[in-house]
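Data first, discussion second: the structure below is written as structure tokens.
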Amino acid sequence: HQWLRLRTQVPRLQGQHRGLAHCHRSSYLLRPVKVDQAAQEDWVVAQSDRLDKTLQAFNVDAHVVAHTVGPTVTQFQVRLASGVKVNKITNLNDDLKLALAAKDIRIEAPIPGKNTVGIEIPNLKPRPVMLREVLDTPAFQQAKSPLTIALGVDLFGQPVVTNLARMPHGLIAGATGSGKSVFINSLLVSLLYKATPEQVRLLLIDPKAVELAGYNGLPHLVSPVISDPKAASAALKWVVSTMNDRYKKLAAAGVRNLEQFNAKAERFHEYAQVLPYLVIIIDELADLMLAAGSEIQDDIARI
């Protein structure tokens with residue numbers, strides 16, 4: 001697990017984060033996983049043939065014309081003969097699943113911008129996407145925002161990144177083992193690789209004192225990782241106070257957001273006025289609400 005490997009590197013990262021330095025060395029993270037290309041290609045050819053034969057068996061005049069292999073699924077592009085209705089394929093969802101021996105399939109009818117129908121099938125062996133694959137791409141490295149985070153890759157292997165400022169509030173939910181903690185760690189590591197402590201500060205609240213403990217000591221933190229409910233309540237009250245102070249500064253400067261405020265400060269060489277972004281992450285919010293719900297509920301709502 002690449003997060004476990006990163007945790008072993010925390011002391012080294014801490015040493016490199018002093019001053020304005022921040023982490024650019026993706027060598028701390030695991031390399032992309034190599035797949036058996038020959039086995040994958042044989043599987044694709046076999047599935048393409050099965051797909052064609054199944055369509056013929058149901059008297060659907062269509063055939064596979066192309067395919068795209070992604071990390072976890074392969075999309076087969078099916079072209080319909082003239083006059084064949086799209087719903088003749090969409091109605092075969094269960095039959096195609098049976099013929100292809102697939103746990104699940106997804107039919108995109110039609111593929112936007114194309115004259116084909118897409119049938120997505122889980123790969124024979126899904127390939128995990130390593131965070132390093134996205135951090136090493138120009139899409140991430142050339143992004144200007146210090147709040148750029150890596151999300152993964154799309155079906156075509158292209159990196160997917162986003163600016164956290166565009167989604168300032170989020171609730172990460174899912175079943176046990178679905179990847180909630182992995183996403184939080186990917187988000188945090190993305191910020192550490194992208195931003196200096198002068199650009200982004202972190203407030204981490206971890207009631208179980210397990211998941212986020214590895215980040216203790218990094219200079220991006222406004223305080224050590226918080227696990228005590230009362231300390232968490234006090235920290236959130238500080239966030240509300242800081243938020244109100246910043247609103248006053250934005251109003252006085254005649255701007256609408258922090259990006260505009262900092263740009264104006266830099267334009268007039270008032271670098272001391274530049275404010276860092278503040279990212280607050282609470283792991284296991286339900287546990288915190290049980291311990292101190294009445295004290296923190298209003299503050300979370302205001303934030």
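Our numbering is plain: 1 for the first residue shown, then up by one each step along the chain.
Just so it is clear, glycine is given a Cβ too, placed from its N, Cα and C backbone atoms.
So that you can see what the record holds, here are the features copied from TrEMBL:
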type	residues	note
BINDING	GLY174, ALA175, THR176, GLY177, SER178, GLY179, LYS180, SER181	ATP binding site
DOMAIN	157-303	domain 'FtsK'
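Everything TrEMBL records as a feature, shown here on the structure.
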{"residue": "GLY174", "record": "ATP binding site", "contacts (Cβ under 8 Å, 6+ apart)": "LYS180"}
{"residue": "ALA175", "record": "ATP binding site", "contacts (Cβ under 8 Å, 6+ apart)": "none"}
{"residue": "THR176", "record": "ATP binding site", "contacts (Cβ under 8 Å, 6+ apart)": "none"}
{"residue": "GLY177", "record": "ATP binding site", "contacts (Cβ under 8 Å, 6+ apart)": "none"}
{"residue": "SER178", "record": "ATP binding site", "contacts (Cβ under 8 Å, 6+ apart)": "none"}
{"residue": "GLY179", "record": "ATP binding site", "contacts (Cβ under 8 Å, 6+ apart)": "none"}
{"residue": "SER181", "record": "ATP binding site", "contacts (Cβ under 8 Å, 6+ apart)": "GLU211, ASP283"}
Other C-beta atoms that fall within 10 angstroms of the C-beta of LYS180 (ATP binding site): 16
Any further residue of that chain within 8 Å (Cβ to the Cβ centroid of GLY174, ALA175, THR176, GLY177, SER178, GLY179, LYS180, SER181) of the recorded ATP site: VAL182
The domain 'FtsK' (157-303) - residue tally per DSSP class, helix then strand then coil: 77 helix, 19 strand, 51 coil
